[in-house]
Amino acid sequence: MLRSWEFVLLISCFLCFSSDALQRISLKKMPSIRETLQEMGMKVADVLPSLKHRISYLDEGLHNKTASTILTNFRDTQYYGEISIGTPAQIFKVVFDTGSSNLWVPSRQCSPLYSACVSHNRYDSSESSTYKPKGTKITLTYAQGYIKGFFSQDIVRVADIPIIQFFTEAIALPSIPFIFARFDGVLGMGYPKQAIGGVIPVFDNIMSEKVLSENVFSVYYSRHSESNTGGEIILGGSDPSHYTGDFHYVSTSREGYWHVDLKGVSIENKIVLCHDGCTATIDTGTSFISGPASSISVLMETIGATLSDGDYVIDCKKINLLPDITFHLGDMTYSLSSSTYVLKFSDETECTVAFMAVDIPPPLGPLWLLGATFIKQYYIEFDRQNNRIGFATSF
């Protein structure tokens, strides 16, 4: 039960904006973990040797207290937004992740022995007048370590929308890879089915407050690499100034997940993969595009890329000669040019191809993950109201 003054606080906050207004979250662009390692003269495989050939998902174990969480690019994203937790507000940089459904941030109770904790903003429950303990322990297990913590309840503000939210205070963070991360925590934008511990996800709590004109959110990533203004997430709709033409919608293919049918992957108008269909998810929590190891191997061989220290690379002089790679989603095709899917770091002569092999076992996989490399080219609308994803060409 809310105390009376907490209720008044929430009501007064809700009166600050119209229920049909778009609620905006500014995204900032940061170096990804991969880019941070590059700046330090290190490669991913130097830090995480198991990535040298491919990454394999752990078997899912979605039960109440412990679950295996997909590693992919170890939340190797470049985009974060700010939220606040508590009263007065404590500010956190979080990744808005469509591949998960829980909110976690480092806790003040995290031991100084975990250097990844002390290098980030930490939630201090003793400084919040609206904090309520829950205490249920939770472990999120990664391929290279784990996050341990416990559930707490407090007022979380996202785009100035206040909600009462259960979240995880992380008290154990592995140094690898999180010490290299520029974000503090993760805010899952997935369905309740993915939520560990049976908590209600943040976006579901926002929807229940009836403050949005539509139960959708849209994601825009800026293409302008020279700016640290990374883009925007809009709750309740989309912004026509971010895209051209119309949205084309694809229904989700699996209940409770942002999965869609991928009808093919083609090069030069010839389908080379997924002839009989595959499954893909639009993953805002990762930078690269990933797929089954056997498929990625064929794709990279087709464009002439080779595997080196865990990454697919190609001679930088050949970038302009490479073909478009096209994804068939619904009745539309979505192409990526070589300047989009090939990355050049500093003055290196070998450039990194933004594809990687990730084998996800059944029942969740096999699965393609279309990360920031894809999202930068297409404005994406995630529609919970109709269980579909919309795609439009972004500016």
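Using N, Cα and C of the backbone, Cβ positions are placed for all residues, glycine too.
Quantities reported herein were computed from a predicted structural model and do not represent experimental measurements.
According to Swiss-Prot, the protein has these features:
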| type | residues | note |
| --- | --- | --- |
| ACT_SITE | ASP97 | active site |
| ACT_SITE | ASP283 | active site |
| DISULFID | CYS110-CYS117 | disulfide bond |
| DISULFID | CYS274-CYS278 | disulfide bond |
| DISULFID | CYS316-CYS351 | disulfide bond |
| DOMAIN | 79-392 | domain 'Peptidase A1' |
| CARBOHYD | ASN64 | N-linked glycosylation site |
| SIGNAL | 1-21 | signal peptide |
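Distribution of Swiss-Prot features across the structure.
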residue: ASP97; record: active site; CB count, 10 Å: 21
residue: CYS110; record: disulfide bond; CB count, 10 Å: 21
residue: CYS117; record: disulfide bond; CB count, 10 Å: 23
residue: CYS274; record: disulfide bond; CB count, 10 Å: 22
residue: CYS278; record: disulfide bond; CB count, 10 Å: 21
residue: ASP283; record: active site; CB count, 10 Å: 29
residue: CYS316; record: disulfide bond; CB count, 10 Å: 17
residue: CYS351; record: disulfide bond; CB count, 10 Å: 22
CYS110, CYS117, CYS278, ASP283, CYS316, CYS351 screened against ASP97 (active site), Cα within 10 Å - retained recorded positions: ASP283
Cα-to-Cα gap, CYS274 (disulfide bond) vs CYS117 (disulfide bond), nearest whole Å: 41
Candidate nearest CYS351 (disulfide bond) in space, where candidates are the recorded positions CYS110, CYS117, CYS278, ASP283 and distance is Cα-Cα: ASP283
For CYS110 (disulfide bond), the one of CYS278, ASP283, CYS316 that lies nearest, given that the recorded positions are compared by Cα: ASP283
Nearest-integer angstrom distance between the alpha carbons (Cα) of CYS117 (disulfide bond) and ASP283 (active site): 25
Inter-residue C-alpha distance, CYS278 (disulfide bond) and CYS316 (disulfide bond) (nearest angstrom): 31
Conformational class of CYS274 (disulfide bond) under the three-state DSSP mapping: coil
Rounded Cα-Cα span from ASP283 (active site) to CYS316 (disulfide bond), Å: 27
Secondary structure of CYS117 (disulfide bond) (DSSP, helix/strand/coil): helix
